[in-house]
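Noted in TrEMBL for the protein shown:
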- 11, 63, 73, 74, 165, 198, 216, 217, 226, 227: substrate binding site (BINDING)
- 72: active site, proton donor (ACT_SITE)
- 72: active site (ACT_SITE)
- 225: active site, proton acceptor (ACT_SITE)
Ligand SMILES: N[C@H](CCC[C@H](N)C(=O)O)C(=O)O
């Protein structure tokens, strides 16, 4: 299987160009195999770049545990970069079909290669049943903002947002390993999140700057999470902690987020890097 390794702020995936190469017969099993950082290629998951009837390409994303996710914020920047750099769609603005709808991406290229991309992530989903979570705000239809979540004998105030995939955002004084690797997986698999959930631990630097560590549904801690950073931007505004435009420092790089008041859309700007290509021998 021909693949290309790419990352957005360190959130790295194995990409398969299904315009020009064979599509894995069992992408879930392939995602598990190639993601293994010792016996495989090493990645946070697998992303298929597929032809689309309604957009310039379709992104299909699988976590390292083989589960398919609706959307990948860092991944969609890399998909847009790939189709531009490899002359599949040489336009400065492209549309990518995802499980969270068809998204528009503006590309910043240098010498014919994309370095940065700005993604219109669309509108956040705040209705608890649609996130989904059984937690509820102070009224059935109100957003889940700073709602207490008791877990492992501790209580965390959580804010839940979906960007097509579910996120549980927790503002903390220090995003320690105990929180990320101890509490993260407990929340990921808690029954109050029927589809499981991605968990973001956020340190507030200022009303316009945060630091994020992420425990991802199906992949564990990642160096960055674009949909997570978008959910954090929304959670910061809803909880009165941040402005609508923030700089988010993640372990693997920096993303700029803005939740635009007029359109209600979240915009995310960040890097996209192609590292190497190769051929994977399916077992
Ligand atoms: N790393 C991705 C998020 C993957 C989310 C996935 N772990 C899920 O199951 O929702 C991002 O940059 O948005």
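A Cβ is built for glycine as well, from the same backbone N, Cα and C atoms used for every other residue.
Other Cβ atoms within 10 Å of the Cβ of residue 216 (substrate binding site), summed over all protein chains shown, number 29. DSSP assigns residue 226 (substrate binding site) to a helix.
Cβ neighbour count for residue 225 (active site, proton acceptor) (all protein chains, 10 Å cutoff from its Cβ): 35. Between the candidate binding-site residues, 73, 226, the densest Cβ environment within 10 Å is the one around 73.
Note: the Cα of residue 225 (active site, proton acceptor) and the Cα of residue 165 (substrate binding site) are spaced 11 Å from each other. Max Cα-Cα distance over the annotated substrate binders (11, 63, 73, 74, 165, 198, 216, 217, 226, 227) is 16 Å. With the fewest other C-beta atoms within 10 Å around its C-beta, 165 stands out among the binding-site residues 11, 165. Recorded residues residue 216 (substrate binding site) and residue 72 (active site, proton donor) have their alpha carbons 11 Å apart, per Cα-Cα distance. In this structure the alpha carbons, written CA, of residue 226 (substrate binding site) and residue 72 (active site, proton donor) are 7 Å apart. The two recorded residues, residue 72 (active site, proton donor) and residue 11 (substrate binding site), show a Cα separation of 10 Å.
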